[in-house]
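Everything below concerns the one structure shown next.
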């Protein structure tokens, strides 16, 4: 699964210059409003013709301005899901789904309708009209319609932006299933750190029409200096963990990560199941000696590998915990009082572990103190 983009385009006074390559299952285009995310995704879709450059999906050239190649949008085999579901109001859910297949030649169809219905959990909705659906249900149907076009690439332009938190919690698990159970590469537009940290395998961060960072999610999400101001407090470490064991005596689950063991309340998951967790920099304290007499359960030893200025009186400290970097945001006064320096051995005291319990028996975001 690969997507390669190297394009330039000007829209009035706004210019987009984007170059990135991703082989991840779900690539997030991330940045604040006005950073060029939607313009870029529209060029990939064929809705905007770039002034220069090339776009390739799975080795297939869609755009190459030097070679005079521009594949029209209806021949790109790209599925698209927008902020609003854009379902046909006079059609039932079943008819909306079938519409996705009408313009795909029979020999190019690979999507099975029953499998898509099962994947998205929309079987009970088939006889309804869009007016009788919730926002989350409409988006699931829109995703199903896009999948039934048998696309080679799925573009999702802020599909959760118009939903409240409850509806987001409803639909996120289905996007995760789509990412994990299909072989369709996904490009996902968002300005939410929580969404990107949960869903993305790779991130392309945009600002003022340019790519300012790209790479694996766990690396890019640590660039607190590049996050939108309103999202900076959500940045930090993203860790892919696995369930090691359950401590039934205390009702806890122990997760294994590169940074060390992390204890959280009991999860309804089997040993070995994957869990992605997020540790925000603002939720990490630093100790120069292993602390005692604390309620915090998650204390990770490490070495300081980075110290950089933050906003106002804050500094951001990167701690290498057995190969995984955990970030802490503390004050400069605290840094000086603790005499923190590069190479110093410290303990990261994690006050809160955040993750989404989509597959853990709940389905709502969870923040675990300690």
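Residue numbers in this text run from 1 along the chain shown.
Heads up, the Cβ atoms here are built off N, Cα and C, so glycines get one too.
Features of the protein shown, as given by Swiss-Prot:
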type    : residues                       : note
DOMAIN  : 2-233                          : domain 'ABC transporter'
BINDING : 31, 32, 33, 34, 35, 36, 37, 38 : ATP binding site
DOMAIN  : 293-359                        : domain 'Mop'
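Known features from Swiss-Prot, placed on the structure.
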{"residue": "31", "record": "ATP binding site", "Cβ contacts under 8 Å, 6 or more apart": "37, 191, 205, 206, 207, 228"}
{"residue": "33", "record": "ATP binding site", "Cβ contacts under 8 Å, 6 or more apart": "191"}
{"residue": "34", "record": "ATP binding site", "Cβ contacts under 8 Å, 6 or more apart": "208"}
{"residue": "35", "record": "ATP binding site", "Cβ contacts under 8 Å, 6 or more apart": "206, 207, 208, 209"}
{"residue": "36", "record": "ATP binding site", "Cβ contacts under 8 Å, 6 or more apart": "14, 16, 18, 206, 208, 209, 210"}
{"residue": "38", "record": "ATP binding site", "Cβ contacts under 8 Å, 6 or more apart": "157, 158, 189"}
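The DSSP breakdown of the domain 'Mop' (293-359), given as helix, strand and coil counts, is 7 helix, 39 strand, 21 coil. Each of the binding-site residues 32, 37 was scored by the other Cβ atoms within 10 Å of its Cβ; the lowest score goes to 32. Each residue in 191, 206, 207 lies on the same chain as 31, 32, 33, 34, 35, 36, 37, 38 and has a C-beta within 8 Å of the C-beta centroid of that ATP site, without being one of the site residues. Under the DSSP three-state reduction, residue 38 (ATP binding site) is assigned to helix. Across the domain 'Mop' (293-359), the prediction's mean pLDDT works out to 89.
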